[in-house]
Amino acid sequence: MAESNYKRPSWDEYFMEVCNAIAKRATCDRGRSGCVIAKDNQILVTGYVGAPAGLPHCDEVGHQLKKMVHEDGTITTHCVRTVHAEQNAICQAAKRGIAIEGATLYCKMTPCRTCTMLIINCGIRRVVCQKKYH
């Protein structure tokens, strides 16, 4: 007998749940984020925040912080030791020869400027974010 109150998640909700599970692998506590790139309701690749392959992670050696001055004059610090989840997912696609043109990218926070430019140049058609970064 089916649960009467059960609501099956939409594809966007489903992929965001997967994205949140992937984020648990991230190695920088300032932004434990994950990313899913999907097309035709199938996961193509995933990525999470972490140091470049073979280099120490924030969880092991601490953060490498850089001050950032925003257009409105506010100053924040950003960890630059890590590769963003979106970047890692795009790299995984490139390494494995997986075409991501026309796909949808799911991520925890709105992509930064650099990630946004990569997303555009890869031909990703849609981005779904859980929350705004700043």
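Every residue, even glycine, has its Cβ placed from backbone N, Cα and C.
Automatic prediction, not curation, is the source of TrEMBL annotations.
What TrEMBL records for Glu86 is active site, proton donor. TrEMBL lists His84, Cys112, Cys115 with the feature Zn(2+) binding site. As annotated by TrEMBL, domain 'CMP/dCMP-type deaminase' applies to 10-134.
Per DSSP, the domain 'CMP/dCMP-type deaminase' (10-134) is made up of 39 helix, 37 strand, 49 coil. Mean model confidence for the domain 'CMP/dCMP-type deaminase' (10-134) is a pLDDT of 93. Compute the center of the Cβ atoms of His84, Cys112, Cys115, which mark the site for Zn(2+); besides them, the chain residues with Cβ within 8 Å of that center are Ala85, Glu86, Gln87, Pro111, Arg113, Thr114, Thr116, Leu118. If you measure from the Cα atom of Cys112 (Zn(2+) binding site) to that of the residue listed as 'active site, proton donor', you get 9 Å.
In this structure, of the recorded positions His84, Glu86, Cys112, Cys115, the smallest number of CB atoms within 10 A of the CB marks Cys112.
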